[in-house]
């Protein structure tokens, strides 16, 4: 076959990506340039991280056979990372689930039974009985759902409606609680609105990049390629990388900083002090657009109330703050001197000064990037607030090339978990369940009785685990997540509740994950392009894709499962009489009729789909379900700074960044000339706050919940690797990716290994106060911890590192700190 120059370039791009991971070019990638005329191509966002790369999906004879970077996608511009090139293979693992499985003994459900194939009707029969029993005997607080930042937008919206409006339970939370909750609360406290003000276009205009707890080289490799290009093409561009251990992003760093865990709070306050002491405040910006507040301190660690650390806290969980003067703020940060900071963090003084100078230099455009190092932190909200302080002091915000940017880890942690409001405390478009006006807006739009949505915040992720263990949460449905592997403190706080005979656990998943195997009922689930979907990425870009193949066997999408299950409940079975009396016309109706088959949702006919276009859910129901749900959801944000474009526009575009007003997307929010909500002459307006001003918070250093001591003498940090995504439930089923990194290892400093008579390749028992795992010693390679710290990825189901981690959370965001606990090592 003769190759065009473009095809040749594509083939080389595939080969280069594979070589980067030490792999040979797979047949699926070679299909990019082979037999193109026999392959049908369509666009989709990548299934993996929150970058939101665009890919072209090749289908042939009802299967996904190829994938390539979409050259028209503005995020990745035709390039994929190694995971992206192997997307087709995640769908065809040998153990793909194709029918519901229920634990049974002697022909009926039994908690100790074996998984047995059943029909969907049988599965829903059992679920219906369990839900109705729990609702009748103990009320809405006895049921719960754990969802995902991998849900499509309409799946998350449908789930939120079912639980908050249908079952009247706010006990629904996404796995984004474990990764982005601190970012959400940080945004809301400082700006009054969620999500970044900038976009990826900043990369090509920035003079300096500062990574705070973000290994972008492995976790956001496509963005890292753009940063690398910017750095290597411009000699005046600087890269600083801060972490508790050395990783691949350090290879590009001009200033690579290793600091003692938790002491990033000290560094952030030191930089603020440096800016003030060197008269580097942007006085015009600061005086017009900023307020100062002092936050409550000694707020605890989000542990059970009986824990000694919670009992000792003076202000457990307090989000309080009070106004303060500039002089008081200046005095507050003045304590964080260069000498004190160097002593507390272990960072050399010259490196600290170099870092501070980047922010203080008025001629340098600076972008701050962060991910889990900041967010998975018992003071993660504070860390977010403190980095905003630096940009607000200097006015380096909401303009091309400079600003703070919280990166996301999941493809729709922003678009679904945050914007839709699938958290236990949220509603669409930054509204919250505790606000009566917000509840009223939702109830009127959904045409349900006033008072239907509970005012009480539901159980967050870690609280759900505790409630299951305590027998207070009895029916639990998880979708699109593998929390038995990904969540903290498995032995003490998660597994006991899942296996408690009082509780019934449902897991919807394409594969038999650790979570699925611990459940009572497994529902086989369609994935990615086996359904029509939409994701929202880290730069506020909403992207759609069409269903391109059908799911295997009886696997069904999460959306189908939610909508069909809602048919099993009539309003009289879930709502009290006083609610029904307010809307008697809803008596006798099913939740399906009340929530999904409404005049507003069902008004878009199936005929809007192309004749040959797959859409299993809509064709079965007789109306364009996805469009109806999206347009209803989008109504909440339009006119309120969260404007989404009309549904059809997204199928034509490679994503659009909200707010989309008059057909135009927004690259930079809050600044005049860029944001349609900022009027001429206002300059900047942080319109999430009533007075249009952002907040600088005075917040101190406070120690970690657990630190090394004489017995447990090492810090443990957990995270990911390039080749695998999260718990590896998809990537470990790709043979090439599995071979590239087949099992987790314990990265350790050579001197720490030597002191314990350990050598590279030895088996080692890693022990915390909560559990133990056996791993393999690695003293070389990509991750190089300092003495006193070990690092272990969590993708390996055979090495459940979260048996070791502590379920301490940020008390404000309820996000778990997976980066800091104490362990000891024992040679095996």
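Here, residue 1 is simply the first one shown, and the rest follow in order.
Placement of Cβ uses the backbone N, Cα and C atoms for every residue, glycine included.
What Swiss-Prot annotates here:
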SIGNAL    1-31  signal peptide
DOMAIN    39-95  domain '4Fe-4S Mo/W bis-MGD-type'
BINDING   46, 49, 53, 81  [4Fe-4S] cluster binding site
BINDING   83, 150, 175, 179, 212-219, 243-247, 262-264, 372, 376, 482, 508-509, 531, 558, 718-727, 802, 819  Mo-bis(molybdopterin guanine dinucleotide) binding site
BINDING   794  substrate binding site
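Distribution of Swiss-Prot features across the structure.
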residue: 46; record: [4Fe-4S] cluster binding site; DSSP (3 states): coil
residue: 53; record: [4Fe-4S] cluster binding site; DSSP (3 states): coil
residue: 81; record: [4Fe-4S] cluster binding site; DSSP (3 states): coil
residue: 213; record: Mo-bis(molybdopterin guanine dinucleotide) binding site; DSSP (3 states): coil
residue: 372; record: Mo-bis(molybdopterin guanine dinucleotide) binding site; DSSP (3 states): helix
residue: 721; record: Mo-bis(molybdopterin guanine dinucleotide) binding site; DSSP (3 states): strand
residue: 726; record: Mo-bis(molybdopterin guanine dinucleotide) binding site; DSSP (3 states): coil
residue: 794; record: substrate binding site; DSSP (3 states): coil
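Among the binding-site residues 46, 53, 794, the ones whose Cα sits within 10 Å of the Cα of residue 726 (Mo-bis(molybdopterin guanine dinucleotide) binding site) are 794, in sequence order.
With the fewest other Cβ atoms inside 10 Å of its Cβ, the least crowded of the binding-site residues 46, 49, 81, 372, 721 in this structure is 721.
Those residues of the chain, other than 46, 49, 53, 81, with a C-beta within 8 angstroms of the mean position of the [4Fe-4S] cluster site C-beta atoms are 48, 51, 52, 76, 80, 83, 84, 221, 222. For the domain '4Fe-4S Mo/W bis-MGD-type' (39-95), the DSSP-based tally of helix, strand and coil residues reads 9 helix, 20 strand, 28 coil.
Sequence-distant contacts (6 or more apart, same chain, Cβ under 8 Å) of residue 531 (Mo-bis(molybdopterin guanine dinucleotide) binding site) comprise 152, 547, 551, 557, 559, 560, 616, 617. Reduced to three states, the DSSP call for residue 246 (Mo-bis(molybdopterin guanine dinucleotide) binding site) is strand. Per Cα geometry, 721 is the residue among the binding-site residues 53, 81, 246, 721 nearest to residue 794 (substrate binding site). Under DSSP, residue 218 (Mo-bis(molybdopterin guanine dinucleotide) binding site) is assigned to a helix (H, G or I) in the three-state scheme. Distances between the Cα of residue 372 (Mo-bis(molybdopterin guanine dinucleotide) binding site) and those of the binding-site residues 46, 49, 53, 81 are shortest for 49.
Using a 10 Å Cα-Cα cut-off from residue 46 ([4Fe-4S] cluster binding site), the binding-site residues that qualify among 83, 213, 218, 246, 721 are 83. In terms of Cα distance, the binding-site residues that sit within 10 Å of residue 218 (Mo-bis(molybdopterin guanine dinucleotide) binding site) are 81, chosen from 49, 53, 81.
Put simply, residue 83 (Mo-bis(molybdopterin guanine dinucleotide) binding site) is 11 Å from residue 53 ([4Fe-4S] cluster binding site) when counted between their Cα atoms. Of the candidate binding-site residues, 83, 213, 246, 721, the one lying closest to residue 49 ([4Fe-4S] cluster binding site) when CA atoms are compared is 83. Using a 10 Å Cβ-Cβ cutoff, residue 246 (Mo-bis(molybdopterin guanine dinucleotide) binding site) registers 21 neighbours. The Cβ of residue 213 (Mo-bis(molybdopterin guanine dinucleotide) binding site) has 242, 243, 244, 264, 370, 371, 372, 373, 374, 377, 819 as same-chain neighbours under 8 Å, each 6 or more residues away in sequence. Around residue 83 (Mo-bis(molybdopterin guanine dinucleotide) binding site), the C-beta neighbours below 8 angstroms that are at least 6 residues distant in the chain are 46, 48, 722, 723, 725, 731, 737. Residue 726 (Mo-bis(molybdopterin guanine dinucleotide) binding site): 23 other CB atoms within 10 A of its CB, across all protein chains.
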